[in-house]
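Here TrEMBL flags 47-54, 122-126, 176-179 as GTP binding site. Feature annotation from TrEMBL assigns domain 'Tr-type G' to 38-324.
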Amino acid sequence: MYSLTDRKDRLEQAAEPENLAQETIINNLAPQEAQRLSRVRNIGIAAHIDSGKTTVTERVLYYTGRIKSIHEVRGKDAVGAKMDSMDLEREKGITIQSAATYCDWIKKEKGREEKYHINLIDTPGHIDFTIEVERALRVLDGACMILCAVSGVQSQTITVDRQMKRYNVPRISFVNKMDRAGANPFKAVDQITHKLRLPAAAMQVPIGVEDEFKGVVDLVNMKAIYSEGLKGETVRVSNEIPSDVRPLAEEKRRRLIETLADVDDEIAEIFLDERTPTVEQIKAAVRRATISLKFTPVFMGSALADKSVQPMLDAVCDYLPNPAEVENLALDRRRQEAPVKLVSYNSLPFVGLAFKLEESNFGQLTYIRVYQGSLKKGANIFNARTSKRVKVPRIVRMHSNEMEDTTEIGAGEICAVFGIECASGDTFTDGTLGYSMTSMFVPEPVISLSIKPKDNNQLPNFSKAMARFQREDPTFRVHVDIESQETIISGMGELHLDIYVERMRREYNVACAIGQPQVAWRETITEKVNFDHTLKKQTGGAGDFARVVGWIEPTGALDENQFENQVTGGAISEKFIFACDKGFQMSCQKGPLVGHKVLGAKMVINDGATHMTDSSEMAFKTATQQAFRKAFSGGRAQVLEPIMKTTITAPNEFQGNIVGLLNKSNATISDTEIGPEDFTLYADCSLNSMFGFSTQLRAATQGKGEFGMEFSHYSPTTGQLQYVIFHFLVG
């Protein structure tokens, strides 16, 4: 254990991150702590949809002894994969929520068996659930990027690569599905280098391909590795490489050393001296280059055929960093949010980040990554955002939807706690530090739907579900439209929102009616119209009398409405003029055409008449509203629609498809920027034509296109749409 002085010194050094090298942190670790951290790996499994992430995770759990039998993602036994714990996941055969687990892998090193502790998060592949990948990568130290041996780098692989680069996550790559027809792992290696712009080299070559796939050759040790037994649980290592594979293995080993020479100084020196590096030198160089984000080693196998998953687990231990080797920064709010380095020592004050929330039978489950210090059951921790102190009643380690209680979690570990009210992205400390960690990047929603429960008796459950889903998922947004009074839900795609509607039905027993949200139309006039309107009502006692004379005209700009008083000689007193103004403003809130706001209208009152007893403020307000309605319909009124400033980014090969899409939507393209690989297009599009655009864009760009929208201005709708609005929406 460190003394109090040592602790103070460490914190002072951490306050100047540029002067505290990660190497210094590792060298100053207590021997016991260094031993513990060197055997910890926090990794995520990420890839394009249907690349086999959950299947790989299932094999990892089986080979590490966490589960006793293997079940497939869409298995005939109706059990489903361990990490797909939701019924919806098992039915659809996709991962919807990232699931955390932990396991111990026994690795043979220099004749000894070493136990590695692996915290693992299986993430979804579908782009609609991209926030699940985002928050997993925010807290992980390394990742395994899985590619299909046939398809190679796909659209979501590019998104995952961008997310890994955003959080500086080192990765190893695993080319899965080597037993499929058309499998070519070297195409995937080339695509990683050229499409993802990350130097890559094969660490293995296959022994047989497609249905002849038997195992791999380890290019570092130049040994053949076979997976044998009923479920590939027996790994046989042979010094004899099949003669038909040896030439390829030797060529790819040379390529590996050449690629390493480009990214690592030590290997470059050996390569220039025309020497051959040793096994230890190659391994050390791969580890250095991987951790410094200059290189990704590529492994290969087939999870479904139970082949070559164990060597990938060895690679996780060999080449991905332990928690002490990764630089993590926080902001010190007591020093104007100056950056400060987090040091993964158990003896230092606690700092952790809540990165994911889930509702369970026991209350809110909060996933926490411990960056510094340790988290103990019963401890009081401090929420940096709310400035509230909370007690930790229960700490668990997660194994998909199962949990195992524990009393303490050390620095560099991941756990979950119960009984803590917080939001996703909150920082927790022990109260002695003013640290706060930056939260994860949350993409803006791209699609919206109106939603309401079919039965009004279900409103309490409906509200509960909405509140819970918003807490759990930062990309799921809910608001009530002020004009239409509709509840609008927004998300990352149609599947994303469909899943939440289905979860509401299953988990809260609330059946919902959904539809496109109403567009916020506006109304205006295009011609000047005179009016002379008298309100005269006599009912027994005092009646109502008000006469207003003037005109309505367009202001020339589709912005605020204007009221002008040109009355002379006191024909209408000042207090009644104020009532006329109020009547005009109320009329503009709900226009005569489609009941939406009026823009760009000016009302001028220049004459009128009053009655000694029957005139009142209410009478003049009502008279103005009636005069406005009558005059408005005679001024060639128009319906306006919102125009959105839209930005679309996609690879250059899809430019023609996107221009065609926008032409169909009657969009106006204002600018185009063409880069070496991607282009960005700026256009003004009507909001009404943008419903369903995210789905059309994905179809037109193989899922590689992205777009964003923000409101620009209002513009008259087309004549055809005016007709539809009048005859169908109104009449």
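A Cβ is built for glycine as well, from the same backbone N, Cα and C atoms used for every other residue.
Remember, it's a predicted structure, so these values are computed and weren't measured experimentally.
Structure with TrEMBL features highlighted.
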{"residue": "Ala47", "record": "GTP binding site", "Cβ within 10 Å": "26"}
{"residue": "Asp50", "record": "GTP binding site", "Cβ within 10 Å": "18"}
{"residue": "Lys53", "record": "GTP binding site", "Cβ within 10 Å": "28"}
{"residue": "Thr123", "record": "GTP binding site", "Cβ within 10 Å": "28"}
{"residue": "Met178", "record": "GTP binding site", "Cβ within 10 Å": "27"}
